[in-house]
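Chemist: Following this message is one structure expressed as structure tokens.
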Amino acid sequence: MIKKIILKQFKSHRSTELSFAPLTIFCGANSSGKSSVAQALLLMRNAYSANFSYMDLKAKSAPIGTANDALYYAANSDVITMSLATDHGKLELEYLADDLTKTVLNLAPNQPGINNDNLFNNESLFLPTCQYISSARLGPLIFYGKDDVAVDVYGQISINAGAAEHFVHYLVAKQKNEVLPALVCSGASNDLLNQVEAWERELCSGLHMVIQDKGAIGYELKYNFDTQSQDGKTEEFSATNVGFGLTYVLPVLVAVLSAQPGALLIIENPEAHLHPSAQAKLAKLLCLAAQEGVQIIIETHSDHIINGILVQCQRFLRDQIGIAPENTSVYFFTMDDKAHSSVAERILIDDSGRIKYPPKGFFDQFTLDRKFLMGF
């Protein structure tokens with residue numbers, strides 16, 4: 001499990017240190033450096049296969065661009081530093097951005113190549129059980145493609161910048177895998193396919209998924225719904241003709257419900273296009289998985305996700321169901337206007353499951369609007 005990361009002179013991070021937990025949450029203003037942390041992790045993941053000897057800035061999973069895009073704009077040297085502390089040890093890497101037109105960063109000459117077969121061979125970030133789902137993931141489509149190499153060989157839901165382009169194929173391939181008992185939604189068998197559908201029904205009652213293999217074309221995803229009619233169900237509707245959020249959240253459900261303890265999930269905006277009540281239920285699932293040993297890193301702009309996590313913290317303190325506060329790490333990102341660099345402030349959840357002293361701007365818009373509307 002990842003314990004800590006330090007970024008120096010990478011994008012907007014002049015010098016940032018972050019401590020991780022089973023569930024780590026990044027929130028804050030737009031363009032304040034949240035996604036850059038995920039990009040740094042993905043770049044390190046890619047560099048692992050080359051013993052960290054170079055960093056590919058045009059890698060499919062994290063296409064940054066050139067060294068000029070990667071180097072902090074007011075850097076005092078051409079060195080980008082990335083340090084990682086995990087259960088297996090510490091990794092300190094320095095890369096040279098000496099040619100700003102290049103799309104690759106080479107390891108600084110004072111650092112030898114790292115033998116990835118030793119210390120970090122079993123680190124979650126470098127294993128197939130690491131999944132990345134970006135905020136730019138695919139929405140509803142008529143057909144979803146097949147890729148046996150991505151799914152069967154590499155075990156990935158996504159190859160291209162977190163687009164989750166293979167999530168339907170992955171779900172079909174892994175459909176009989178058992179879900180962690182703590183995540184099982186009652187009323188359905190504990191295999192992956194039925195649990196994904198059951199959790200979808202938690203978000204939208206009466207929903208059923210229909211996946212059909214269309215050969216070389218790919219997989220067709222449709223839905224039908226329970227009714228009080230004689231047939232008991234509606235006709236089947238294409239994914240493009242039902243609520244956008246139902247399909248947009250599916251890669252998140254597939255990733256979380258297929259994960260086992262020790263896996264790592266990096267998910268941007270899991271709440272996107274979901275109703276507030278559905279967001280709260282999704283927060284519950286994320287907390288249950290993290291409490292069971294799946295490390296989850298999320299970026300969110302949703303107060304419903306934050307409040308949902310706090311609810312699960314309080315549930316754990318009362319009933320031992322949900323997530324322990326100490327298994328969470330919340331960071332609020334802002335920008336230092338003078339240096340134009342990221343500032344990450346850790347927000348502590350206390351032993352009562354509450355945030356006592358939230359900083360200004362931390363999901364306070366509802367309070368501000370309410371005061372205005374009430375004439376305060």
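Even glycines carry a Cβ here, placed using N, Cα and C.
Note: TrEMBL annotation is automatic and uncurated.
As annotated in TrEMBL:
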- 1-64: domain 'Endonuclease GajA/Old nuclease/RecF-like AAA' (DOMAIN)
- 231-307: domain 'ATPase AAA-type core' (DOMAIN)
- 323-367: domain 'DUF3696' (DOMAIN)
Chemist: Average pLDDT across the domain 'ATPase AAA-type core' (231-307)?
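Modeler: The answer is 96, the mean pLDDT of the model over that range.
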Chemist: Tell me the residue counts in helix, strand and coil for the domain 'ATPase AAA-type core' (231-307), as DSSP assigns them.
Modeler: 38 helix, 13 strand, 26 coil
